[in-house]
Amino acid sequence: MWRAGRAAVACEVCQSLVKHSSGIQRNVPLQKLHLVSRSIYRSHHPALKLQRPQLRTPFQQFSSLTHLSLHKLKLSPIKYGYQPRRNFWPARLAARLLKLRYIILGSAVGGGYTAKKTFDEWKDMIPDLSDYKWIVPDFIWEIDEYIDLEKIRKALPSSEDLASLAPDLDKITESLSLLKDFFTAGSPGETAFRATDHGSESDKHYRKVSDKEKIDQLQEELLHTQLKYQRILERLEKENKELRKLVLQKDDKGIHHRKLKKSLIDMYSEVLDVLSDYDASYNTQDHLPRVVVVGDQSAGKTSVLEMIAQARIFPRGSGEMMTRSPVKVTLSEGPHHVALFKDSSREFDLTKEEDLAALRHEIELRMRKNVKEGCTVSPETISLNVKGPGLQRMVLVDLPGVINTVTSGMAPDTKETIFSISKAYMQNPNAIILCIQDGSVDAERSIVTDLVSQMDPHGRRTIFVLTKVDLAEKNVASPSRIQQIIEGKLFPMKALGYFAVVTGKGNSSESIEAIREYEEEFFQNSKLLKTSMLKAHQVTTRNLSLAVSDCFWKMVRESVEQQADSFKATRFNLETEWKNNYPRLRELDRNELFEKAKNEILDEVISLSQVTPKHWEEILQQSLWERVSTHVIENIYLPAAQTMNSGTFNTTVDIKLKQWTDKQLPNKAVEVAWETLQEEFSRFMTEPKGKEHDDIFDKLKEAVKEESIKRHKWNDFAEDSLRVIQHNALEDRSISDKQQWDAAIYFMEEALQGRLKDTENAIENMIGPDWKKRWMYWKNRTQEQCVHNETKNELEKMLKVNDEHPAYLASDEITTVRKNLESRGVEVDPSLIKDTWHQVYRRHFLKTALNHCNLCRRGFYYYQRHFIDSELECNDVVLFWRIQRMLAITANTLRQQLTNTEVRRLEKNVKEVLEDFAEDGEKKVKLLTGKRVQLAEDLKKVREIQEKLDAFIEALHQEK
């Protein structure tokens with residue numbers, strides 16, 4: 001009822017609105033009116049022929065009695081005939097965005113409420129700790145009032161200062177990585193840093209290696225590495241020297257270099273170097289003077305030599321052997337104090353401690369290099385030149401110290417080797433022996449004095465030097481004992497002169513100037529000099545150096561001309577022998593012969609490129625067919641020929657050819673090409689060159705050939721390219737002309753006839769000689785051959801009955817043959833029947849195939865026209881044509897690889913081998929041998945020695 005009353009009130013309101021709206025102009029937009037007002041407006045203005053558009057949504061017709069449900073009604077804009085249509089897409093977009101905002105806002109409110117509720121739940125789960133507040137002291141709550149944190153922060157160091165004090169992690173990481181690489185490199189010294197297991201399985205004890213052993217092992221390994229690089233450096237220096245010679249030889253004629261004048265002592269040192277090599281090669285000893293420094297180990301030999309050279313140039317050790325090979329030191333005067341080795345151009349500045357350390361290290365490396373494995377000392381000499389202001393000109397040789405006992409770590413023959421080296425130098429009648437004796441030890445412990453007295457019993461070329469006189473004066477109770485030594489009354493030896501020197505306080509870091517000052521100060525204050533036990537000219541190393549130099553040059557002037565005359569006589573004898581034995585040959589030493597042989601070998605390698613392509617392809621094709629013919633006939637042709645029709649034959653052939661090409665054929669082809677290249681290379685290297693052929697190079701050429709072939713490897717990609725080419729060649733079945741057809745038939749006949757001949761020989765060996773050979777050569781058959789002959793005859797009868805018999809015998813056929821033979825009294829085994837059948841059927845098949853081959857000579861027309869004739873199927877001819885074409889294409893491909901790539905690579909290998917042989921002196925001595933080579937070597941050495949001696953003698957006379 002209340003709804004009906006409410007509707008009636010609404011109708012009255014509407015009617016009143018209509019009455020008052022009669023004055024509204026008609027141009028008022030209808031869209032601005034309310035929906036209800038629009039319906040009233042249209043009912044009172046029928047002149048407006050408005051067309052109501054169809055609503056897109058279902059709706060209800062409203063009246064005054066119906067309920068207005070505006071939230072369910074969706075109206076669309078109304079089109080009027082006189083008003084254009086308007087599009088309100090911004091309004092629709094805004095409405096959608098407003099709806100999205102409400103969704104987001106609602107979600108945010110709901111999420112915040114949920115988060116607050118979760119936080120409250122967690123807060124309620126935390127226990128209340130207010131009851132335990134009494135445990136904390138009261139001053140804790142007031143501590144911030146008494147502590148000024150700002151002052152503490154200022155008192156602490158800054159972050160930059162802390163960073164500067166911190167270790168450099170990059171450097172530490174780099175050092176650790178270097179140590180890790182060093183210890184994991186598999187070096188021999190690696191085990192020194194590992195614990196050694198000495199316990200049982202249950203209880204293991206580890207023993208740590210001492211620091212000294214670790215350092216020694218590291219130094220040993222470092223020295224080995226340096227020795228290796230030292231060899232490389234020497235080889236490079238040798239190459240540089242050879243290149244320098246070549247540059248000088250190719251100098252322009254218009255440019256003349258000024259010849260540097262060498263000093264007298266340098267010329268003499270070069271003579272000694274050449275003589276040293278000559279003596280080592282021919283086990284002889286020259287008689288030119290040199291100062292030989294000998295003494296007991298740790299007697300001070302090296303220190304005396306360093307005082308004379310005015311530089312600490314030798315490695316030093318505390319009581320251990322440091323001089324492991326003779327060191328020849330040539331002293332000469334010069335503006336700068338420098339040292340250099342004979343075989344190196346590097347100069348060491350002896351005024352700089354860095355260069356001195358490098359020189360000592362270099363000498364130690366050279367000594368270790370000279371010492372062979374299993375030895376302690378070496379007789380090979382290290383040549384060193386020292387120049388400086390105030391140095392006395394002479395040549396000294398520092399020898400290893402004489403020992404009395406061989407200690408652990410030394411070779412068993414160390415003592416004898418040192419004695420033999422010392423005797424070899426002291427046996428020279430013109431050598432000056434500088435005998436060094438330690439004054440701080442008892443004279444009875446001396447070993448070297450006995451050795452010197454044996455070599456120079458009259459003391460005509462011996463100078464005695466007493467070292468460590470300062471220690472001797474302190475330790476010896478009777479000073480007269482030192483006087484007896486200096487006067488030559490204590491030791492059983494004689495000498496030209498006696499000297500007393502002081503070579504330092506025992507500190508290896510002392511400089512030469514400090515040692516000289518200490519020596520002069522000691523002798524100025526010494527009781528020995530004040531009491532006239534020692535004379536002034538017998539003390540200090542300076543006086544010793546002057547005396548040794550005077551004695552040295554006196555010996556040189558007396559003996560050098562005699563030595564030159566002896567070499568002149570030797571040269572005359574060698575030249576006479578050469579003229580009598582080799583009058584038409586030039587005198588070529590081993591190096592010159594090697595260069596000549598090198599040029600000949602390279603010319604012969606170049607000859608490989610002169611081989612014609614036709615010759616390459618012929619020998620390649622022939623060699624390849626010889627290698628693969630057995631496989632083609634036995635594994636491809638014969639199995640396929642047993643088939644009944646041409647389709648099966650072609651299928652079998654294609655399958656077997658594909659398998660053969662994929663697996664074996666390319667590899668076989670490369671092997672054949674490599675063997676062919678070797679044969680041609682050997683032919684050029686070994687073929688005689690007529691009367692001009694020199695057999696002295698034969699061993700060298702053979703060695704170069706073998707080493708080059710060993711190093712040469714065929715290109716790895718050759719097989720892959722060959723496989724594709726061979727596969728494509730075998731796939732082709734179209735024979736284009738009659739000439740190719742005839743060539744294939746000839747190729748097939750030749751192959752089958754060769755197999756037939758082999759089969760005939762096998763049958764002949766099986767059945768024995770025929771009646772003609774038995775009568776003419778008196779040969780008989782064995783019992784087994786008779787059985788084979790009877791079996792063969794029986795099987796041939798079977799083949800005559802059935803000309804198209806398959807390749808295998810059936811079991812009943814074997815039984816029939818055996819019964820027939822037994823009926824004639826021949827006992828035969830089934831396996832013997834099968835073996836005989838194999839050869840008999842093989843001969844029958846090959847003869848049939850040859851007859852068929854003759855028939856196919858006229859079959860090219862049928863093949864070309866594709867006629868189907870069962871009596872004339874020439875598929876086997878096509879097979880052999882495919883094989884022949886594959887061989888030709890393969891030979892052509894291999895020839896291109898040979899001429900374009902492999903010959904050049906072989907030539908490169910030959911050059912590398914020759915370069916390696918040129919650097920290996922032992923290899924040249926082994927390969928270039930003979931009386932002629934040795935005689936030329938002797939002539940070259942003797943001429944060089946004589947020329948240097950003559951130049952030295954001339955300069956010596958000019959100096960006089």
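Yeah, the Cβs are placed from backbone N, Cα and C, and that goes for glycine too.
Keep in mind that this is a model prediction, so the values were computed, not measured.
As written in Swiss-Prot, here are the features:
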- 1-87: transit peptide (TRANSIT)
- 88-96: topological domain 'Mitochondrial matrix' (TOPO_DOM)
- 97-113: transmembrane segment (TRANSMEM)
- 295-302: region 'G1 motif' (REGION)
- Thr302, Thr323, Asp398: Mg(2+) binding site (BINDING)
- 321-324: region 'G2 motif' (REGION)
- 398-401: region 'G3 motif' (REGION)
- 467-470: region 'G4 motif' (REGION)
- 501-504: region 'G5 motif' (REGION)
- 589-836: region 'Stalk region' (REGION)
- 736-856: region 'Paddle region' (REGION)
- 874-928: region 'Stalk region' (REGION)
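Confidence across the topological domain 'Mitochondrial matrix' (88-96), taken as the mean pLDDT and rounded to a whole number, stands at 66. Other residues of the same chain near the Mg(2+) site, with their Cβ within 8 Å of the Cβ centroid of Thr302, Thr323, Asp398, are Val293, Lys301, Leu305, Phe314, Met322, Val327, Leu399, Pro400, Gly401. Looking at which of 398-401, 589-836, 874-928 has the most CB pairs under 8 Å to the region 'G1 motif' (295-302), the answer is the stretch 398-401. The number of other Cβ atoms within 10 Å of the Cβ belonging to Thr323 (Mg(2+) binding site), over all protein chains shown, comes to 23.
For the region 'G2 motif' (321-324), DSSP puts the residue distribution at 0 helix, 0 strand, 4 coil. In the three-state DSSP scheme, Asp398 (Mg(2+) binding site) falls into the strand class.
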